[in-house]
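Participant: Sharing a structure with you now.
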Amino acid sequence: MSIAGLHIMHNQLTRIPDNDNCIEYLKNDELQDFSDHIWNSNNVTQLHLTITEICLDTFAIPFIKEWMNYAEHTQICNRLDGRLLKFEEVQYFKHYIQEVISFSNVSKTDFPPHQLRLFGGTTQFTHGDFCPVLSFPSNISDNSSFKLYEAPCSEDFNFCFCAVPLFNNFNYYGPLKKFEKHLYIYEFDFSVENRQFSSLILGILHTVIELRREKFVLFNALHKEAYETRADLPVGRNYWTSTKDGKKHLLTFTHCKSNEEFECSNGTCLPWNVRCNGVVDCDDKSDEEECNQLVKDKGYSVHVPPPPRANEKSLYIYYNVTLFNIYDITAIQRSIKIQAEINLSWYDKRIQFWNIAKNENINMKDIWKPELTLVGDAYPGYKITMDEDEFHESCKSDPESFEGKDSRIFSYSDPYMGTFIKGEDMKILYTFKAIIDVPCRFDLRKYPFGKQSCNIAIWIENVEDNSNYEFVYEGRSK
């Protein structure tokens, strides 16, 4: 067996860094060539590749025909996980660029001579800033000269070329289950007239996104139904229309890292933890959309308590009590006035908590919560009174048991790249704060000696049978 190989030192082509340049790497590498007798003696056919051919197998060079300023062209390349071309790359790819332009509908009257934006300018520009531009003749040849100059960054240009890593993963998020979750960009020969996006997005299981008559079409050879969008790019978050029934579906195709990043609707990738954190991080505010949603089982009722969790015979309600202040002790009326907080927490496995953050408020009207009754034991059946002006209650996600290992689930069915925690994995925390008059059994015969006690009994009104729940002490009363 004879094996021959070519090893090129190169950075991993995911998330192209600013200085990544395939041509520059190959030019700076020392290429070792074997003599002919070594190849012939091992019966191996030599394949002579140019730097241009090798780099075109490394990058896709999509052609984007859109009137945009410098920042917008840069952003559209970023949405493909790429960047604008560099000057040296244009020189090496000039015949490819000529072929694309000649087959496109960019006429000579659009830009005489042709002008192309280059990588290296600022995207945070003012009207006084200039960005790099390359001017080239309408017919490019080996002897063609290129002129490098600067033009206002705010000026609109007709088209651009991007350098995008080939076979880089694009993840699909959406409700349609017939398409693959992982796709990649694939370069193909540019030979069809009026194409604006000179690359395909493919999946291993026959999913394809391609441009047809100014629409991007998503289809799979195994299914008859296809989906179309008129968006400027097929990636990002867009509405796709079914060719079968005309229904629109919001779908997302993104290069943002799965389970690590969130894509804004404009294509920007941000760390996942910016999602629904209460602070707007995306320019389009999409990171704070569709937040804190409760998805409840069919038939859910706020009047019915949750069923026990697995391996539990009854609903466990965890509690702790904090005493903040003693306002008054009245010996004649035999009562004590205190400020206290009662915390109750429980699991409700009938709910999924979507995009919820730690200490996130939960609308008490949307869920079942305990309705408490406080009774003092000094006088049988005597209910404890509370100051209504000082009574407060709230529900939120319990920060003490918010998220365990692998409890947060990343969903590919949500175009907003949402996550959820099952109700059986996250406690709901109910907080009850009040100023309470508690009746007491004072025995003052040995005053100031002796031990006095004021006891409170708590039960839940909205549970049919006391055997359906069990109080479990959690924490330490203060």
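Each Cβ is built from the backbone N, Cα and C atoms, and glycine gets one as well.
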Participant: Among C256, C276, C282, find the residue that TrEMBL gives as the disulfide bond partner of C264.
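Facilitator: Here TrEMBL pairs C264 with C282 via a disulfide bond.
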Participant: Can you sort out which of C269, C291 is the disulfide partner TrEMBL gives for C276?
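Facilitator: Disulfide partner per TrEMBL record: C291.
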Participant: When you measure from the Cβ of C291 (disulfide bond), how many other Cβ atoms are you left with inside 10 Å?
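Facilitator: There are 17 of them.
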Participant: Please report how many Å separate the Cα atom of C291 (disulfide bond) from that of C264 (disulfide bond), as a whole number.
Facilitator: 14
Participant: Round to the nearest Å and give the CA-to-CA distance linking C264 (disulfide bond) with C276 (disulfide bond).
Facilitator: 12
Participant: Can you tell me the CA-to-CA distance separating C276 (disulfide bond) and C282 (disulfide bond), as a whole number of Å?
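Facilitator: Pair distance, Cα basis, whole Å: 11 Å.
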Participant: What is the number of residues in the domain 'Neurotransmitter-gated ion-channel ligand-binding' (292-386) that are helix, strand and coil, as DSSP sees it?
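Facilitator: Per DSSP, the residues of the domain 'Neurotransmitter-gated ion-channel ligand-binding' (292-386) fall into 3 helix, 46 strand, 46 coil.
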Participant: Count the Cβ atoms, other than its own, that fall within 10 Å of the Cβ of C276 (disulfide bond), considering every protein chain shown.
Facilitator: 22
Participant: Sort out the sequence-distant neighbours of C282 (disulfide bond) for me: same chain, 6+ apart, CB within less than 8 Å of its CB, listed by position.
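Facilitator: Spatial neighbours, sequence-distant, of C282 (disulfide bond): C264, S265, N266, T268, L270, V274, E288.
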Participant: In three-state terms from DSSP, label C276 (disulfide bond) for me.
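Facilitator: Reduced to three states, the DSSP call for C276 (disulfide bond) is coil.
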